[in-house]
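Okay, so here's the structure we're looking at.
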């Protein structure tokens with residue numbers, strides 16, 4: 001299995017390391033044609049407006065959207081969640097609109113307000129340590145979206161078909177279970 005990690009901007013190296021620990025071949029994707037070489041893609045945390053702008057500049061935006069809409073598996077964390085969402089409610093910006101969620105940017109506070117907490121995730125036998133850094137909050141979601149985890153009444157891990165999104169940063173932990181879940185979606 002070969003998985004792509006978007007290398008446009010953000011903490012893509014940490015996702016690459018996590019996936020390699022799971023024995024997966026990883027390609028850092030920076031060009032549209034590289035999407036054809038991978039079976040799924042991770043979009044990391046970072047700065048969502050910068051990511052969108054660069055994706056459009058290098059013609060990755062439209063190709064990625066087209067692939068996702070035809071069933072290509074994708075996993076977005078933090079800024080990646082914002083990129084994949086249907087709508088950003090507190091900031092005017094483009095998004096790919098491939099998962100039926102509305103998000104609020106930086107809803108859990110600024111960088112200094114970052115925190116870790118244990119959360120329950122559907123299908124996991126024990127709690128998961130989630131790390132939130134300037135995290136987006138899901139304020140609404142469609143009927144076809146499955147909520148896999150909640151923190152303080154807000155969904156933090158969601159799935160719609162082959163799109164998985166997380167408000168938190170699973171790549172910053174030693175726990176591989178969220179990445180394993182994504183890989184199970186790709187198989």
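Using the three backbone atoms N, Cα and C, a Cβ is placed for every residue, glycine included.
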Write down the one residue from 13, 105, 177 that Swiss-Prot lists together with 46, 47, 48, 133, 134 as binding L-glutamine.
105
For residue 48 (L-glutamine binding site), which of these active-site residues sit within 10 Å, Cα to Cα: 78, 169, 171?
78
Taking 8 Å from the centroid of the Cβ atoms of 46, 47, 48, 105, 133, 134 as the cut-off, which other residues in that chain fall inside it around the L-glutamine site?
10, 45, 78, 79, 82, 106, 136
Can you give me the Cα-Cα distance between residue 78 (active site, nucleophile) and residue 169 (active site, charge relay system) in Å, rounded to a whole number?
7
For residue 46 (L-glutamine binding site), which residues in the same chain are close in space, meaning a Cβ under 8 Å from its Cβ, but six or more apart along the sequence?
8, 9, 10, 11, 78, 79, 80
